[in-house]
């Protein structure tokens with residue numbers, strides 16, 4: 001261990017809605033076969049990055065795709081599959097009325113909303129949804145409760161928010177940066193690196 005706190009942020013594995021380009025938000029969509037393989041791969045890579053698992057705190061979003069990812073990666077690491085914490089503050093960004101739609105569908109149905117989001121993606125709130133700014137506040141509170149090194153299985157939006165709030169990425173860049181499934185975002189000392 002290096003003496004500095006490290007967070008290993010993992011986006012849940014792929015779902016069929018990811019493939020279709022549908023915004024999942026708070027919808028509970030299960031992993032597909034590739035998503036399960038991605039979770040197992042993370043479980044093989046993580047010990048090489050993090051070292052001894054006994055010193056790690058494992059925390060997941062309560063959404064099914066994140067829970068399944070965590071169970072698979074822990075099983076791959078020869079750890080009890082369900083022995084980890086769940087934190088509702090690590091749930092995905094709420095896209096509100098946009099959930100379940102693709103970007104082409106949203107552009108047709110809410111042209112003005114999409115234009116507003118393009119001007120300021122960090123502060124934009126979809127109808128009945130939430131902004132990245134709000135998400136950064138709640139997700140930041142969740143990771144602040146993790147004492148020591150931690151493995152956090154969560155969602156693309158949460159990782160984007162944390163890249164801004166904890167690693168200094170400019171807000172409007174963080175709001176649109178692609179977050180890969182099957183990769184590990186290592187956050188430490190106000191910086192991050194992507195490992196896979």
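Placed from the backbone N, Cα and C atoms, the Cβ positions cover glycine too.
According to TrEMBL, the protein has these features:
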- 11, 12, 13, 14, 15, 16, 17, 18, 65: substrate binding site (BINDING)
- 12: active site, tele-phosphohistidine intermediate (ACT_SITE)
- 92: active site, proton donor/acceptor (ACT_SITE)
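Features per TrEMBL, on structure.
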residue	record	Cβ within 10 Å
11	substrate binding site	27
12	active site, tele-phosphohistidine intermediate	28
13	substrate binding site	28
15	substrate binding site	22
17	substrate binding site	19
65	substrate binding site	29
92	active site, proton donor/acceptor	25
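When secondary structure is read from DSSP and collapsed to three states, residue 13 (substrate binding site) falls in the coil class. Within 8 Å of the centroid of the Cβ atoms of 11, 12, 13, 14, 15, 16, 17, 18, 65, where the record puts substrate, the same chain has further Cβ atoms from 24, 29, 31, 32, 35, 181.
Those residues noted as binding substrate (11, 12, 13, 14, 15, 16, 17, 18, 65) have their most widely separated CA atoms at a distance of 15 Å.
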